[in-house]
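Accompanying notes for the structure given below.
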């Protein structure tokens, strides 16, 4: 039986520097995720860091996206091999790794997603990702089809951006604007010139190493500016933000 995720089209699109417009999924619900999957986004982040997600909530959401053209990307809660292994086994192939501050942390993220001898991923012969043992040549195919996107969101990460971007197996550099703003002394103000300068610097250094860059930008003007600066995978909103904004607007229409 063939697995329809091989080859990984999202990974190929990033390598080809094709613009990929995405959305954040934070509601942790298969119905809302399914709706997002019908909207036409190129990729969707299922958030395991700041949203109330775990293995039991991720699986129904992956099922809900089975027929969608939107590539599911999981943001892991932390850069830890056992957590990453479990998310691989349930069927994720695209990973967003938070707080990568050094080349060594980038290398750990890559190694955690590869089977030996290329990495340290633990081996199970039957799990959801290999359709319970029915995918031919799964081990080799998996190693070639994992996407690793690393988040730079601290001063140390900015300082080490060249080493991180040059790491073999890293497919893209993603900026975490809120944490980066906090790290630079501008908590709650990602629009501060210092933060914007750092973001543009990260984009430029990623490009210098032939790596695409991305960011979360729910404000349209910000998203368009980042695209002009060379970002190629940009999340332009979140299900939670759209839901809150739309329901507030609807209530205000009749209550004010």
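The count begins at 1 with the first shown residue.
Note that Cβ sites are derived from N, Cα and C of the backbone, with glycine treated the same way.
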Candidates 141, 151, 156, 248, the one Swiss-Prot lists with 178, 179 as binding substrate: 151
Recorded positions near residue 153 (Mg(2+) binding site), in sequence order, restricted to 50, 75, 89 and a 10 Å Cα cut-off: none
Candidate with the highest Cβ count within 10 Å, taken from the binding-site residues 151, 178: 151
Shell of the substrate site beyond 151, 178, 179, same chain only (C-beta within 8 angstroms of their C-beta centre): 98, 99, 153, 175, 176, 177, 180, 182
Set of same-chain residues at least 6 away whose C-beta sits under 8 angstroms from residue 89 (site 'Increases basicity of active site His'): 124, 127, 128, 129
Assigned element (helix, strand, coil) containing residue 151 (substrate binding site), judged by DSSP: strand
Candidates 75, 151, 178, 179, namely the recorded positions, that fall within 10 Å of residue 50 (active site, proton acceptor) by Cα distance: 75
